[in-house]
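Visitor: What follows is a structure written as structure tokens; I'll ask about it next.
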Amino acid sequence: MKRELLMGNEAIALGAFEAGVEVVAAYPGTPSTEIPETAARFAKQYGVYVEFSTNEKVALEVGIGASWAGKRALVTMKHVGVNVASDSLMTLAYTGVDGGFVLVSADEPDCHSSQNEQDNRIFARFANVPCLEPSSPQEARDMIIFAYDLSELFSIPVILRPTTRVCHGRGDVELGEINIQKREGKFTKDVTKYVTVPSHTRVLHKKLLHKIEKVREFIEDSNLNYTIPGNGKTGIIVIGASFNYLMESLNILEIKPPILKIGVSHPLAKNKVLSFIKDLEKVVIVEELEPVIENDVKILMAENQLNLKIYGKNIFPITGEFSTDLVTEILSKFFRIDLSKEQPKNIVMPNRAPLLCAGCPHRSTFYAIKKVTRGKAIFPSDIGCYTLGFPRPLQTVDTCISMGGSFGIACGLAKSVNEPIVATLGDSTFFHAGIPPLINAKYNNSKIVAVILDNLTTAMTGHQPHPGTQLTAMGEPASPVSIEKLIAGMDIPVEVVNATDVKSIEDALKRGLESEQVYAIISRGPCVLLKGITKRPIYRVEISMCRACKACIKLSGCPALEFKDGHSSINPTVCTGCGLCAYICPVEAIVK
């Protein structure tokens, strides 16, 4: 064994390698992205195949194909990605797997980078598949190895559910040897298992129900659920990252109640829970988001006629993520411990609102959209950097609900209002889920202007490649798929414009708004943070010409622009030379 300081996501990837994974498929999304990136970094060294798939559903299906050929497969995504993949996941639970299959659902309490904070433990129950929940990078590594053995032993997909603080937290991790035994890929035909017609699925459903009970029996004897002895008649049940907050809190409060640490949330180890609670008078349940464990414990109590008090979501919040401070405050009140003695003061960090980078190609496009429409249009948008077009001064993002949602919502709006509709989404999002709603707009004659903001990468999650780029996840050359050719193949008028050429964007938008059918515009310009981007000459303000009108600042919102000493100025360390401010300036006071 060797010890390394690892991020939780790195530990998951390397643990999967230790377990003998041979195929990794993913769609990038915070907080999961570093898992496939770490796998890709070591892929060639160990002969593992890694890909960024077009979306989470495809990634899951790539993993299914590998598993049904006998290979161990790893599929990773953020929590909302499981929504996309769920169509196939729900039925995979019925058919079962051959090679070990692990789905990592990286959940995000408090939605740091997400549109919701759904609790995917509920998905595990919905699909009726095991769900393991690590509380540290070490547990993440240990659990994924266990998950592969569990998956193959019971021919069932397994969900590993780390949350943000586990994914991005760092810790010492003991690693074993990576010795991937290459399995011969072979698909054995079995229509009763793999072809889910009604006569087969009725049988498969019964098998799944029997299978999950066998998993429950097996879990009872595992060390993933364990107790920590303590004093008193009040016990605490805890799961996931909350375990770390709890242990710090108990140290601060100087109390030592008995603890049951849950590592497998589904199926719950009923006998272990019953053994823990049977002699207690009160049980406190510490879990983020939904009362999943709490509800299971209450059902167990009712079934076994136990009379004890449960304290869960009646004292802990059901939203957001926990912290040591929050858990300490709640438990101090519960245990009636005086915390009036001076506590270390939290350092309050100044907030900085998220915004588009200086020189971001999306800023020029949004400026042009607002100028041409005068803001008198509806602007459905999507998930990505460009979501940041919603605040002042751009104000060209009115909706953001899901990947690809902007074009679909635009279609509905087109049939419901008499206002112009300019919908935006990114290049990676277009491949992910933007194509079907664009076809829908063509087929159902929805009059919308569909703008694809093509910055030549999946920028928001860290510049991962996508089908429109020239590299794969493993850094190998790829044949890029042309967005404009795809759209032309739909018989939709399409223009490609330079994202820094504001006049060209404005002209294209005018033509689109005059069209009587769906009209597509690809505004193309590389993300300014991409490696290898040629640096452009930066701009400066000619002070003698500046009228202090602040138009450059008020209309662009560029973070490189400042107003001081009675005139606008440009921070040369931030400016990337995009030229938008020079285009905006009414007196041409901004020059190279």
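Residue numbering: from 1, along the chain as shown.
Glycine too: its Cβ is placed from the backbone N, Cα and C atoms.
What TrEMBL shows for this protein is this:
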type	residues	note
BINDING	Cys546, Cys549, Cys552, Cys585	[4Fe-4S] cluster 1 binding site
BINDING	Cys558, Cys575, Cys578, Cys581	[4Fe-4S] cluster 2 binding site
DOMAIN	566-592	domain '4Fe-4S ferredoxin-type'
Visitor: Under DSSP, is Cys552 ([4Fe-4S] cluster 1 binding site) part of a helix or a strand, or is it coil?
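Guide: Its secondary structure by DSSP: helix.
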Visitor: Compute the mean position of the Cβ atoms of Cys546, Cys549, Cys552, Cys585, which form the recorded [4Fe-4S] cluster 1 site, and then list in sequence order the other residues of that chain whose Cβ is within 8 Å of it.
Guide: Val541, Arg547, Ala548, Lys550, Ala551, Ile553, Ser568, Cys581, Ile584, Pro586, Val587, Ala589, Ile590
Visitor: Have a look at the binding-site residues Cys558, Cys575, Cys581 and say which one has the shortest Cα distance to Cys552 ([4Fe-4S] cluster 1 binding site).
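Guide: Checking each of Cys558, Cys575, Cys581 against Cys552 ([4Fe-4S] cluster 1 binding site), the shortest Cα distance is to Cys581.
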Visitor: For Cys552 ([4Fe-4S] cluster 1 binding site), what is the tally of other C-beta atoms lying within 10 angstroms of its C-beta?
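Guide: The Cβ of Cys552 ([4Fe-4S] cluster 1 binding site) has 26 Cβ neighbours within 10 Å.
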Visitor: Rank the binding-site residues Cys549, Cys558, Cys575 by the number of other Cβ atoms within 10 Å of each Cβ and report the first-ranked residue.
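Guide: Answer returned by the neighbour count: Cys558.
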Visitor: Counting by DSSP secondary structure, give me helix, strand and coil numbers for the domain '4Fe-4S ferredoxin-type' (566-592).
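Guide: Tallied per class, the domain '4Fe-4S ferredoxin-type' (566-592) gives 5 helix, 6 strand, 16 coil.
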Visitor: What is the nearest of the binding-site residues Cys558, Cys575, Cys581 to Cys546 ([4Fe-4S] cluster 1 binding site), using the Cα of each?
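Guide: Out of the listed candidates, the nearest Cα belongs to Cys581.
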Visitor: For Cys585 ([4Fe-4S] cluster 1 binding site) and Cys558 ([4Fe-4S] cluster 2 binding site), what Cα-Cα distance in Å is obtained after rounding to a whole number?
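Guide: About 13 Å separates the two Cα atoms.
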